[in-house]
Ligand SMILES: Nc1ncnc2c1ncn2[C@@H]1O[C@H](COP(=O)(O)OP(=O)(O)OP(=O)(O)O)[C@@H](O)[C@H]1O
Ligand SMILES: [Mg+2]
């Protein structure tokens, strides 16, 4: 038994002629923060879609905690503890912000119709979950919108909601697709603290896609670089700068500037 | 004209409204909560009413067992429809559902031996019977109620009034239960699925299961409406279950605002008057037309109301505009 | 053998009609994202206007058919201008489109009933002449329908493939916003779509009326089931798929009554077979016969 929580082996998927992910191999260690970087269209979001089961790979395997998950339906994968956020954030517009969060609660007895006849259990769970949801909303700073339709939130606020909702699900591993893009810097600091606390207290594992290299370098234990559907480099944050392939494919002039 | 002045006319309209209300409540669960566009709902009503009628008339079943079986068959119909098509895109479900109810009607129409075929359930009843045997049990209840109404309403109290009251009590109970169900987290997940599958499934919700359950529950409620339908009309005919009946329910649902149950009863009454009441528009200028022409015009009016409603007030009378415009 | 030929022929005739009607629905869906539940009643409208013009007004039959197609187009375009356009602009959802389409269906059907009553009508055509072919009885009227429908179908298939408007239609259906910014005249595409759907609906209605011999105002509605099944079978939104779906369904439905197949099913259950085919295909190939796996996100 190794300490890898996620292993992606030679996974490929094509849409029509576009090989969005083309034989990607990577892994994530338990309790680490791993960042995926790469140019636009490199296949990062598609990789997340594959891991979370939203799309099925044409070939390759994905192992989570040693179990193959590439054939499982998304909700089964979520049940195993992988929860994701969406690039650009997805909120259920016609549910309130609080209700959006409540969707994240796991093992809610009220999800099961049989428990319609067991209001005690339902209500007790709801009450507890609602308290947790409010605390999370407070942490991400949108608690004052709790009872508004999520559809009224701004783009940045939707990201915060998406993140809080994922946390509500108490994941083992969190996939965050550009969680900080469009969120104001002070709040990013605060969110990073929240995530850090989760990591130390709950041994949460993070896999995130992020374009801001400074943030990536600061928070990541490992960095995976993708380009044209492949993983072209995988290593400690600093080693990335030394990798010629990465410089050619992605960093380009940016390295010279920094 | 005189018919309008008769209390029996009002009782009739209200009873039919109540049955349509129950029927629509099934759609409400499916669409109002789950965003599922079912255009074959009338098929469930057909399945339950015919199952019940056949079991009692031809096989001598106890009415209650037969009624429960009828509702169960409607639930199975919903399960079949859901299992085959709910995994597909929403518009496929709509198309296949409409085909489903037409097939049910078609089979009823052509299975003479089983259902009486085009002649309706009269054909499977023993010769000489004016009423199907399944009304016997029900009538004892109705007459019991009537006897208790007579002191209050005097001569006006009759079997039909008792029927209307039972229908509305049932609708009231079902409305209450559904409004309670809609406050559970089950309904919250279902409301989420009407906008998006990815979010709930990424959070561990089996979207298909929730939708399937919604379709089955809606079918059960549609099945209950079918039992009342059979009791009310007493002679079933395949023509009772034309696709247009599903659209009546859609009209009620849209009028009521679709997402909230409270407007449903009022919308059902409104529809009852529009549909049943116009039957008595025999005065000028309607007197120019004969009875069948007037019945064509009634359906045209319903078509026009549907269109105008969708263009002018898609949120219905009681719906919130707010919910419709959120982007 | 004779029976097989007979059923195959009947199936092809029915299939050509399903295909023509399904084509209209599929085109409208691909361009306007609207399932036209009223399509069946446009068939009825075509049959009744032809009946009126040819039988009551004594116009030559072919002229009556052409005028009926024109009327079908005009009605479709009027609806586009007074209803569909508005609904699109107000961002109406799937339900609103479904319900308006069915509202139109009710109004059309009842107007026809109001004008012509509920009696059945027949065209003043030679329905009796038959030819013998491999032991099967081939009615001349059916043969003409099959020939005309085949010409119409080939014509439209070529039109969509080759003509500029046809290319624009396909481009628009593939990616509306891209097509709009790349200078395609969207109005022209939409008008062309309704024109094809209106004209072919009317023509299919005349064909169906001819094949049935007698028809009532419920004709189109009775057919809608098979037409929708053809649309879904051929992958909704795929015009060629709809044509093929129509033929497949027509042939399967008729052949299912063949004695050699364990006695065959009673012919009154043909529509049930159509539905069963639809469900089976959806179970194993949810995207229709020709659909590519759609990918979301
Ligand atoms: N559902 C889809 N259908 C067709 N092509 C897709 C689909 N999803 C992704 N692609 C294509 O796959 C490629 C990779 O896309 P992906 O979204 O994974 O990139 P990304 O690395 O996340 O880019 P960005 O940094 O811009 O978010 C792109 O060329 C994209 O167009
Ligand atoms: Mg991306």
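Glycine is treated like the rest: Cβ placed from N, Cα and C.
Annotated by TrEMBL as transmembrane segment, the relevant range among B:6-27, B:116-137 is B:6-27.
Beyond the ends of the transmembrane segment (B:265-289), by six or more residues, the same chain brings 1, 3-4, 9, 12-14, 16-18, 20-21, 24, 171, 175, 248, 251-253, 255-256, 295, 297-298, 301-302, 305, 316-318 to within a C-beta distance below 8 angstroms of the stretch. In this chain, the transmembrane segment (B:39-57) does not touch the transmembrane segment (B:161-181); fewer than three CB pairs sit within less than 8 A of each other, excluding pairs fewer than 6 residues apart. Between the transmembrane segment (B:210-229) and the transmembrane segment (B:295-311), fewer than three CB pairs separated by 6 or more residues in sequence fall under 8 Å, so the two stretches do not touch. The transmembrane segment (B:39-57) makes contact with the transmembrane segment (B:90-108), as judged by at least three Cβ pairs under 8 Å among residues 6 or more apart in sequence. Sequence-distant contacts of the transmembrane segment (B:63-83) (same chain, at least 6 residues past either end, Cβ-Cβ under 8 Å): 38, 40, 43-45, 47-53, 55-56, 93, 96-97, 100, 104, 134, 136-138, 211-212, 215-216, 218-220, 222-224, 226-227, 230.
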